[in-house]
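Chemist: I'd like to ask you about the structure that follows.
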Amino acid sequence: MPLKQLKIQHIRNLSAVSLAPLSRINILHGDNGSGKTSVLEAIHFLGLTRSFRGSQFRHLLQEGQTSALVFAQADPLGHGANKPLGVERTLDGDVRARYAGQTLGPTELAELLPLQVINSDTFDLLDGSPGVRRQFLDWGAFHADPAFIQHWRGFKRALKQRNSLLKCGKIDPRMRKVWDAELIHYAELMTVQRQAYIDRLLPDFEATLAALLQGVEVRLLFSPGWDRSKGLEALLAESFERDLRQGFTGLGPQRADIRFKVGTLNAADRLSRGQKKLVVSAFRLAQGALFHRLSKRACIYLIDDLPSELDERHCRQFCEFLEASANQCFITCVDPGLLSRVWQPETDVALFRVESGTLMHEGAPGDQT
Ligand SMILES: Nc1ncnc2c1ncn2[C@@H]1O[C@H](COP(=O)(O)OP(=O)(O)OP(=O)(O)O)[C@@H](O)[C@H]1O
Ligand SMILES: [Mg+2]
């Protein structure tokens, strides 16, 4: 279990709160505006130095404060020993992350604490722009293959150079050749890794979806961003005049996407709201299951308002899936109702009551009765 205790300072309405002892499944309940989502944001901040709600740090930082700090006793690598992990960020832009006495860069931190968020924005996996799906895909490829990040960075650099040459309008043919070769090289490498990741993920996705939602078959189709049977080199040459007119490169991995289909229709047009929630959750949970199989490490799931959109049966199935998984989960809800009684007695579950920015540990479900 990655996180054993947590201290949060100056995140939204959480001035200084502690969560301890943490369990594998942690349920945070409380009224609207009490601070439940803020706790999830604090954990996200610990893994990625930013919130999942908007990109501006000053919105996450408690009003009137100049720095935020989240500190944990953690065993993210599953070594059986807790070590201190802390992230501090100031309003003037300083970010410091330390684990076991060592300073970490953003990539090392992201590798150390793999996080998955399931909230109302997760619907964007079906309804949103392709960028959201590429981010999802790249999270998986990043955690599945250590070489992916180098290829991704190489590709981004080449694309940026090519696009700035296109924007100038006049391209030296030798320069174009150099950057095209670099772009094609990394585009191929990262696309092979993306495809390999999707191929590995598919069985997990199907199994997870079958556990969460019966009677709906969803197919996943990966589209790499160009017609690979024609080859990127030929296509870049073919579309060069158009790229020049537009001032950017139109084809390549920057246009990759995943399509979700139910029968012949897009899942976004075909499924109900609750069904969509279960499909996108299955997608994220499948990532955690695959991550665990490949690395033997657990993911942390931040699930905001789990019961919303779901009827009791589907909510129960969702919890049963989490219970059987290896993940550490932080689940918020307004009314703990079902979420306080759905677990098997042997499951390690803790309830926390959140009230106006304070947290009370209520023990395991059933301790209160
Ligand atoms: N930068 C900030 N500084 C101080 N308080 C803030 C800041 N940003 C938001 N808040 C307040 O923090 C409180 C907690 O918000 P949060 O979104 O965590 O509530 P919640 O318990 O998840 O509520 P809901 O059930 O409505 O989702 C809210 O009252 C909000 O107005
Ligand atoms: Mg909330």
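For all residues, glycine too, the Cβ spot is worked out from N, Cα and C.
Okay, so TrEMBL annotates it like this:
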type    : residues                                               : note
BINDING : Gly30, Asp31, Asn32, Gly33, Ser34, Gly35, Lys36, Thr37 : ATP binding site
DOMAIN  : 3-342                                                  : domain 'RecF/RecN/SMC N-terminal'
Chemist: Determine the binding-site residues, out of Asp31, Gly33, Ser34, Lys36, Thr37, lying near ligand 2 in the sense that the CB is under 6 Å from one of its atoms, and give them in sequence order.
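Modeler: What lies within reach of ligand 2, judged by Cβ under 6 Å, is Lys36, Thr37.
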Chemist: Where ligand 1 binds, which of the binding-site residues Asp31, Asn32, Ser34, Lys36 are close by, with Cβ under 6 Å?
Modeler: Asn32, Ser34, Lys36
Chemist: Identify all same-chain residues not among Gly30, Asp31, Asn32, Gly33, Ser34, Gly35, Lys36, Thr37 whose C-beta atom falls within 8 angstroms of the centroid of the ATP site's C-beta atoms; report them in sequence order.
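Modeler: In sequence order, the nearby non-listed residues are Ser38, Thr332, Val334, Val354.
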Chemist: When a 10 Å sphere is centred on the Cβ of Gly30 (ATP binding site), how many other Cβ atoms does it contain?
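Modeler: Excluding its own Cβ, the number within 10 Å is 23.
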Chemist: What are the sequence-distant neighbours of Ser34 (ATP binding site), meaning same chain, six or more residues apart, C-beta distance under 8 angstroms?
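Modeler: Sequence-distant Cβ neighbours: Asn13, Val354, Glu355, Ser356, Gly357.
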Chemist: Which one of the binding-site residues (Gly33, Gly35) has its C-beta surrounded by the most other C-beta atoms within 10 angstroms?
Modeler: Gly35
Chemist: Mean pLDDT across the domain 'RecF/RecN/SMC N-terminal' (3-342), rounded to an integer, is what?
Modeler: 95
Chemist: Determine the most Cβ-crowded residue among the binding-site residues Asn32, Thr37, using a 10 Å radius around each Cβ and all protein chains in the structure.
Modeler: Thr37
Chemist: Take the Cβ of Asp31 (ATP binding site) and count every other Cβ within 10 Å, whichever protein chain it belongs to.
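Modeler: Other Cβ atoms within 10 Å of Asp31 (ATP binding site): 13.
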Chemist: Across all the protein chains here, work out how many other Cβ atoms are within 10 Å of the Cβ of Lys36 (ATP binding site).
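Modeler: By my count, 25.
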